[in-house]
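J.: Following this message is one structure expressed as structure tokens.
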Amino acid sequence: MFAMASSSLFTLTILLLLFCSSIFLSHADPICRKTEDIQDIIIKNWVDGKKDENIQCIGAKFGEKLPEEEGKTAKLSPKIPNPSDCCSTLTEKLSGAIAVCPRGTCEFATKAEVAQSAGAAVLLLINDDKDSLPIIDCPSNKTSNITIPTVVITNSDGEWLSNAMGGNKKVELLVYAPPRWIVHPSVTFLWVMTVTTVALAAVWSELAASKETEEHYDELQPKKSPKAVKDDDEDEIVEINLMSAVSFVITASAFLLLLYFFMSSWFVWVLIILFCLGGTQGMHSCITSLVSSKYKKQKVRLPAFGEVSVFSLVILVLCLVYATFWAITRKQSYSWIGQDVLGIGLMITVLQLAQLPNIKVATALLSCAFCYDIFWVFISPALFGNSVMISVAKGDNSGGESIPMLLRSPKFFDPYGGYNMIGFGDILFPGLLVAYSFRFDKAKKRGLREGYFLRLMIGYTCGLLLTYLGLYLMNGHGQPALLYLVPCTLGTIIVLGLLRGELKELWNSTLDDTRAKPSSVEA
């Protein structure tokens, strides 16, 4: 009996120790989240009951996760503890409040432990840098029992919060972590805008078909003889050749590296000015090319320009004012509209002035663009530590300025805000091929159903859809759009030409366009 009792007591003791140790182990060393699992966080704030702009921040790798739904959290009051650095035991309790502490003096985990021991519900850290947010890593040299959420905000947001708290005002914060859309539904708007731009650029010559409208490019030039004007009209069309197609990779890569290494606010300002000038010319060309010639009969003589159409001059001034207004208000929430209008006008004009002579040159150009896009997005991180293309697109080290050479669409109803974007190159390079297909169909007197143009537009549309699918499958990582657009457009016309027995003609022939000068480089 004694032996059985001793055995039962021993077994009970072992089970109790295992149970206690399991509790200890489950809480003594919380799971350290991976970098990709760090929460993006929204802080809604009210000052004296008045709602202010949301603050965007990120969470730590340790501690409890914040709720994803706004309704599952409550408004809390922020407090600056004593001592304010949160590196030693606090002199007062912070029951249910948000502890606001600056970065520095001690480890992040130490600050979280001190705030938690004082009863704080959340620790809010203010970063040293004005605009950046560091990753708050897990403690490496000790175990920790941190359960409260820890978040970090930028120094500029921290200054605003500190000023609001120091003004004897009632400040309330609501902290939660709504999930981000990997591919936001509003991308549909950007998709429609992009496809429409390519289609418009391809058929623009038909929309502005009269000889008078084609001459609007020279309306601000000195008066010349009719023959000279005709020759200039011919020079306006730039026919791309093999040499220019291959040299694209070198030139574009050099410029991209220049942006990557020397990006600054003044550098971006140079691009903004060039974009405004190009957008002004593009809008002016598009508007005047669509207007009947009867509005251009009234002319005025200007020094150095000779006779200039009054209508054309008025449109030019209005376009310049429009571009200037966009440049001044480029950081406002509505500035994307002005940027897109200027960008679309610029791209339509470029696709009227630059043309592909045949599929041989198109293959060289688009193949180079294909490799260029893949290298600078996917391969460049192995050489430079970051994706050069994505870093430039985001405007890293640009002092808050962003590069304007892209179309933007806001993420409507997204608590984080932000924009869907597509670069001009993803429109222009496939757009050159789409425009060529339209001119080829026109030369062959083919309609939409029999020609190549409609098929290439469908290919471009599918290529964009594949780009967004890739964005989703890659968890939001930036995608080289030409990786999908080039096979869907160039591949379409090559396969279709092969099936129709027209590939040789597409490959070598040059369209009979009297406005274009023959290429000086052997194809």
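Note that Cβ sites are derived from N, Cα and C of the backbone, with glycine treated the same way.
According to TrEMBL, the record shows the following:
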type	residues	note
SIGNAL	1-28	signal peptide
DOMAIN	84-161	domain 'PA'
TRANSMEM	240-262	transmembrane segment
TRANSMEM	268-292	transmembrane segment
TRANSMEM	304-328	transmembrane segment
TRANSMEM	334-354	transmembrane segment
TRANSMEM	361-379	transmembrane segment
TRANSMEM	416-440	transmembrane segment
TRANSMEM	452-475	transmembrane segment
TRANSMEM	481-499	transmembrane segment
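Locate each feature and note its surroundings.
T.: Panel annotation: around the transmembrane segment (240-262), residues 354-357, 360-361, 364-365, 368-369, 371-372, 376, 384, 388-389, 391-392, 403, 425, 432, 519-523 of the same chain, lying at least six beyond its termini, place a Cβ under 8 Å from a Cβ of the stretch.
Same-chain residues lying 6 or more positions outside the transmembrane segment (334-354) and placing a CB less than 8 Å from one of its CB atoms are 193, 197, 200-202, 204-205, 236-238, 240, 275-276, 278-283, 285-286, 322-323, 325-326, 404-410, 419, 424, 427-428, 431-432, 435.
Non-local neighbours of the transmembrane segment (416-440) in the same chain are 40, 42, 56, 178, 180, 184, 186-187, 189-190, 194, 197-199, 201-203, 205, 240, 252, 336, 343, 346-347, 350-351, 354-356, 359, 362, 365-366, 369, 373, 393, 405-410, 451-453, 455-457, 460, 463, 481-482, 485-486, 489-490, 493, 506, 511, 513; each lies 6+ residues outside the stretch with a CB under 8 Å from one of its CB atoms.
Long-range contacts of the transmembrane segment (452-475) within the same chain, counting only residues at least 6 positions beyond its ends with a Cβ under 8 Å from a Cβ of the stretch, are 36, 182-183, 187, 191, 194-195, 198-199, 202, 430, 433-434, 437-438, 440-441, 481, 483-489, 491-493, 496-497.
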J.: Is the transmembrane segment (481-499) packed against any residues at least 6 beyond its ends, judged by a Cβ distance under 8 Å, and which are they?
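T.: Answer is 359, 362-363, 366-367, 369-370, 372-374, 422-423, 425-426, 429-430, 433-434, 437, 452, 455-456, 458-460, 462-464, 466-467, 470, 505-507.
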